[in-house]
Each structure stands twice: as structure tokens, then as C-alpha cells.
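Peer 1: According to TrEMBL, the domain 'NADH:quinone oxidoreductase/Mrp antiporter transmembrane' annotation covers 23-287. Look at TrEMBL and you will find 289-341 tagged as domain 'NADH dehydrogenase subunit 2 C-terminal'. Residues or ranges marked as transmembrane segment in TrEMBL: 59-80, 92-112, 151-170, 177-196, 202-221, 233-253, 273-293, 325-347.
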Amino acid sequence: MSPYVLALLLFTLGLGTTLAFVSSHWLLAWVGLEINTLAILPLMVRNHHPRAVEAAIKYFLIQAGGAAVLLFAGVTNAWLTGQWGIQQATSPVFIGVMTIALALKLGLAPLHSWMPEVFQGLDLNTGLVLATWQKLAPLALLFQIQPANSPLLIFLGLASTLIGGWGGLNQTQLRKILAYSSIAQLGWVILVVQFSPSLATLAVLVYIIAAAATFIILKLVKSTNINTLAISWAKSPALVAMAPLVFLSLAGLPPLTGFMPKWLIIEELSKQGLVPAATLAVLAALLSLYYYLRLTYAMTLTMFPNNFSGVPPWRLRPQQLTLPLACLVTGTISVLPLSPVAIALVAF
């Protein structure tokens, strides 16, 4: 792909997300989401692989369906109330339909079945964009709706944490594991979004940093399944030594950065009287912890056999920039001491 075309697509991708961020009108927000969807489709198929084309078609159909429901709900609300403002939606039925449409776009359970298959057909660079940047615009609209005391959001959050943990248990493909990890992490965000949007924003930022570090590490070691992780130590021993900390930070283990948002979310749910929901979310996090530990074991405690059936990789120095990765890994594993600052910002 030409660098100019790539720059244009990335600019359009940012434009669509920004338009969805700043819009207070449902039609403009819908246009921003559609620009966002259309801009990432050429990035998906740039490898000209049948799996990539299949993933792009699946993603387009799912996003088109979600956009159709979103537009239908916006037009219906404008017809009934005469208002197109996002924050002026008061009908519980309208808010419920809008929440379901955004959940489909985000890949929340039980509307998640497209996500692992789409991730499996993409390369790690596009998968990183899909797991992080593409979630921002629907989340921004969900933050603006702010459905108070919505059992639907609690159900979506708990279902996502459970299915995101359960679905990744028997996976061997790393991209599918990362897809289920994204579902589980978004479940934690959805659980708390109606009670503390600032805390949900903090959880999204921590997830983006940890997910970016994870995707870049897997790209540097050129691994797409668990078996190939066993030979990654020969390529970059220092990187392999730091990778388990990044995986365990995604799992939310202390004293790593990923523990901070989960701890604050559990505290907030307990304050709201949702102790059973908080308990179920913690138990679901143990399921996610299992496959993160599988990755850690395969990467650091496993030696490849002498009769390795694959083609041995060349031990060449990576050409990618490592400074961004160093910054992301540092943020992923060592920001927990700044928790008082985060608590102050959330309280503010």
C-alpha cells in the first residue's frame, strides 16, 4: 500500500472518531461511525489474503447492521420527540435499542461472536487498531447516553467478562485470545460506565496501553499461536523477560498497572450495592487469568524440542522502533504507585 494512501486512510480514521467525539447530533455521530468503518476496511484487506477479505466482509456486515439499528433508533426518537440531540434521549426503549446497537459495534457479549473470527483474519497491526481505536467512538456515544440504573448495562458487562474469560480458555491462536481479552476488558468498562464515566475512561486508557504493548511484543517476536511462543526467547531474551509482566498486567494482578482500574471498579460497584455483580466479575477475571498464565508459561518456561517441525527463524535484529514499546511496557507494569492520583482524578 502506498504511504500516501495509508496516511489518507489513517487521517480519515481519526476524522471519523473525532466527529463522533464532538457530535451532539445523532446524525453527525452516525456519519462519524460510518466514516470510521469505511476507513478501516482497506487496512484490513491490504494483505490480499482470503482470510483478510473474509474478515473485512464480516466486519462490514456487522458494523452496517449496528449502524442501521443506530440510525433507526435516532430517527424514531426524532420523530417522537422532535429532538436530534444525543443527551436529550429520555425514552427507556430508545436508550435500550441504542445501547444494543453500540454493544454490537463494540463486540460485547452476547453480541460478540464476530470478534474472534475477524481478529483471526487480520494482521497484528490492524488487530491493534481494531482492539483499541475502533472502540473509542462507540464508547464515547455510550458515555453521552449515560443510561442511569440500567440493568441492561450490568448484564452486558457481566456477560462480557464471563464469555471473554470462558471463550479464551481453549484457544491456541493468539489473535483469538486477544479478541476474547478485549471482550473481557470492555466488560469491566461497561459495568461501571453508568456510575462513574471518569473511572470507565481510566479503565479504557489502561487497557489501550497494555493492549498496545501486547500487540507490539507479539509482532516483534512474530508469533501468531502459542506453540511459536516457545522459540521467542531466542529472538529477544529481554523482551521475553518483560512480556509476562505485560500479560499479567492485562489480567489485573497486583502490583501491576492493570490491577488499578479493576480494584477501583470493584470498589465502585460495592458502593452502589452491587456486591454480587462485583463478586461475579472477580470470578470471571480468574478465567482470563488462566489463559494469560498459559501465554506466560509458553513464552518463558517452555523450550522448543530439538525436532521442531517449523522453519527455524533467522535471529535478526528487529527493525521496528523499540522506544514506543519501552514506554508502553513501563506504563503497563509500573504506574500502580500513581493510584492516589488516579483516585483523585476520578473523584474530581
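Here the Cβ of each residue, glycine as well, is placed from N, Cα and C on the backbone.
How buried are these features, and what lies next to them?
Peer 2: Remote same-chain residues near the transmembrane segment (233-253) are listed as 181, 185, 207, 210-211, 213-214, 217, 220-222, 259, 261-262, 285, 288-289, 292-293, 295-296, 299-300, 313, 315, 318, 329, 332-333 (criterion: CB distance under 8 Å, separation of at least six residues from the stretch ends).
When Cβ-Cβ distances below 8 Å are used as the criterion, the transmembrane segment (273-293) is approached by residues 154, 157-158, 161-162, 164-166, 168-169, 171, 177, 180-181, 184, 187-188, 191, 247-248, 250-253, 262, 265-266 of the same chain, each at least six residues removed from its ends.
For the transmembrane segment (325-347), the residues of the chain that approach it from at least six positions outside its boundaries are 196, 198-199, 202, 206, 209-210, 212-213, 216-217, 220, 242, 245-246, 249, 254-260, 263-264, judged by C-beta separation under 8 angstroms.
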Peer 1: Quick one: find which recorded stretch in 92-112, 151-170, 177-196 has the most Cβ pairs under 8 Å with the transmembrane segment (202-221).
Peer 2: 177-196
